Amino acid sequence: RCAGRVEVQHQHLWGTVCDDTWGLREAQVLCAHLGCGPALEAPGGARYGRGSGPIWLDDVTCAGHEPDLFRCAHRTWGEHNCHHGEDAGVVCEGECRQVCATLPGAALTCPCPTGTSRPGEVRLADGPHLCAGRVEVLHEGTWGTVCEHGWDLSDAQV
């Protein structure tokens, strides 16, 4: 299953989504967008751990037919009345099918099997599990590695 804390990237910073108004409709839009099948749960209360950094979205309200989470109604980016104990989560029925779904000003990611990506994407290869491995970048249709010179934790967190 594809499950975890919901995070979005805005202004080059990763942040969380508050669980106020977060429900199955919102989770369904997210699961469908990520290619993870139907939503099974929309847990709140930081079930998958408290995030760090900004709380980017609050009061996300979807009709259920939106192509992505960012087309749903929500407060202005960064405007919220939450704390990280209210971080939203999601449980989707299927496995994630894409490494990264990029949208104007924001992005969604989910861990995926090696070899699954779209042009301009990044993947982890040959690791012991989905969240570890060699960093590879797709450039002009060919996967290549990233040089380790100068690579540190701040690069890995991106």
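Placed from the backbone N, Cα and C atoms, the Cβ positions cover glycine too.
Note: TrEMBL annotation is automatic and uncurated.
Keep in mind the model is a prediction, meaning the values are calculated, not measured.
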* **C82 - recorded disulfide partner, TrEMBL, among C2, C18, C147** => C18
* To do: Scan C72, C92, C96, C100 and flag the one TrEMBL records as disulfide-linked to C31.
  => C92
* Spatially closest candidate among C31, C82, C92, the listed disulfide-bonded residues, to C72 (disulfide bond) (Cα to Cα) -> C31
* Asked: For C31 (disulfide bond) and C62 (disulfide bond), what Cα-Cα distance in Å is obtained after rounding to a whole number?
  -> 13
* For the disulfide-bonded residues C72, C82, C92, the one whose C-beta sees the most other C-beta atoms within 10 angstroms -> C92
